[in-house]
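Annotated active site, proton donor/acceptor per Swiss-Prot: Asp147, in sequence order, evidence recorded as sequence analysis. Look at Swiss-Prot and you will find Asn7, Glu380 tagged as Mg(2+) binding site. Residues annotated as ATP binding site in Swiss-Prot, with sequence analysis given as evidence: Lys14, His204, Leu205, Gly206, Asn207, Gly208, Asp278, Leu279, Arg280, Gly326, Ile327, Gly328, Glu329, Asn330. The substrate binding site annotation in Swiss-Prot covers Arg90, and the record cites sequence analysis as its basis. What Swiss-Prot lists as site 'Transition state stabilizer' is His179, Arg237.
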Amino acid sequence: MKILIINSGSSSIKYQLMVMPANEVICSGMIDRIGLETSNITFKTVSNSFEEILPVPTHKVGLQKVADMLLDAETGVIKTTSEITAVGHRVVHGGSYFSNTTVITEEVKEKIKELSELAPLHNPAHLVGINVAEEIFASAKQVAVFDTAFHQTIPVEAHKYAIPNFLLTEHKVRVYGFHGTSHKYVSEKAINYLEKGSKIITIHLGNGCSMTAVKDGKSIDTTMGFSPANGLVMGTRAGDIDQSVIFYMVKSLGYTPDEVNSILLKQSGMLGLTGYSDLRDIESKASEGNKDCQLALLMNAYRIRKTIGSYAAALNGLDAIVFTAGIGENSSFMRNLICTDMDYFGIEIDKEKNQIRSKELREINTPNSIVKILVVPTDEEFEIANQVYQLLEN
């Protein structure tokens, strides 16, 4: 069966067409900078690839462009949209409503919309992608795969906040966790590599960042909480912050709640500390002596190291730490900064192995390291396709 995977972000669309269960990628690509005159469009098959700059004003135009590329007489990979059995959509927040992959109905869309308040950078964009895909790929099943689903196994002592019970029971305020599709995929890869039930910390570092403690394949704790704003220092998100700062900004500094929300989600993190949100720029400026960039990198690494310690305690031991996503897979500098002087935990990084670039799972620890240090490229699109296939087959 042919399954189209769509990851619709606030200003981008990632897509991949796969044949399941053969795990064959027919084509993949991305449209980013949607809404600008200089939208970047990529399309790649086994035998062909191209990139072009075109104005893509809306997600609807973008998804129509994806369909046109798939159907193109010369470079396309399908003859009609009816060849696609299902469209799998990544959805960041499923709240307490969705603990499993779900066929999308009008009721499901209403719930995703309702949860947009908790994931304002993500859920609205996912809804746009779903609505447009329903029009363009009308004969296909539309299926949602939720980032929060993997974290439904977190025990109550870890997911419950120390607040009045009515907020949990009536308003479902709790730790939900995010990046679950990625954490699930890379933890399974690591477990297969280690060939045993294991205690693993997965570290997803991209523009958004999160960590998860995984015991025998199940999430038992994670850094993101009620929303994707919590936890580690991120590209534009502050991560952990004393809630009193929010009250201070509103009561004493005169900001509205919406303004505070915008500051903490879109103007904070590495951007707020340095003026840059892209780690490549920050690393470059730090190497040139920029003190703000140097400090921001140290702050980022410190919070990750501190979390490794707390999760090792929660797991009662540690077999491996796993780096993944754009920064985790590609920044040898950050991996080294995080893992240096962690020998107390039995973590010793091999600086030469750490420099090696590869698209395969690789081990970058020294022979003496008690804890394995793995770099595992994530493949959220494959994980989504696999979950969609399993749902429809069963």
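Cβ coordinates are placed from backbone N, Cα and C, and glycine is handled just like the others.
Structure coloured by features recorded in Swiss-Prot.
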{"residue": "Asn7", "record": "Mg(2+) binding site", "CB count, 10 Å": "23"}
{"residue": "Lys14", "record": "ATP binding site", "CB count, 10 Å": "18"}
{"residue": "Arg90", "record": "substrate binding site", "CB count, 10 Å": "23"}
{"residue": "His179", "record": "site 'Transition state stabilizer'", "CB count, 10 Å": "29"}
{"residue": "Leu205", "record": "ATP binding site", "CB count, 10 Å": "25"}
{"residue": "Asn207", "record": "ATP binding site", "CB count, 10 Å": "18"}
{"residue": "Asp278", "record": "ATP binding site", "CB count, 10 Å": "15"}
{"residue": "Ile327", "record": "ATP binding site", "CB count, 10 Å": "23"}
{"residue": "Glu329", "record": "ATP binding site", "CB count, 10 Å": "21"}
{"residue": "Glu380", "record": "Mg(2+) binding site", "CB count, 10 Å": "24"}
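A Cα-Cα distance of 5 Å separates Asp147 (active site, proton donor/acceptor) from His179 (site 'Transition state stabilizer').
In sequence order, Arg237 are the recorded positions from Asn7, Arg90, His179, Arg237, Glu380 with a C-alpha within 10 Å of the C-alpha of Asn207 (ATP binding site).
Leu205 (ATP binding site) sits 10 Å from His179 (site 'Transition state stabilizer'), taking the C-alpha atoms as the reference points.
In this structure, the CA atom of Glu329 (ATP binding site) is 14 Å away from the CA atom of Glu380 (Mg(2+) binding site). For the recorded positions Arg237, Arg280, counting C-beta atoms within 10 A of each C-beta gives the highest total at Arg237. Residue density at the residue listed as 'active site, proton donor/acceptor': 26 other Cβ atoms are found within 10 A of its Cβ, drawing on all protein chains shown. Taking Glu380 (Mg(2+) binding site) as the reference point, the recorded positions whose C-alpha atoms are within 10 Å of its C-alpha, out of Arg90, Arg237, Asp278, Ile327, are Arg90. Cα-Cα distances to Asn7 (Mg(2+) binding site) place none of the recorded positions His179, Arg237, Asp278, Arg280, Ile327 within 10 Å. Residues Lys14, His204, Leu205, Gly206, Asn207, Gly208, Asp278, Leu279, Arg280, Gly326, Ile327, Gly328, Glu329, Asn330, recorded as binding ATP, reach a greatest CA to CA spacing of 21 Å.
When Cα-Cα distances from Asp278 (ATP binding site) are compared across the recorded positions Arg90, His179, Arg237, the shortest belongs to Arg237.
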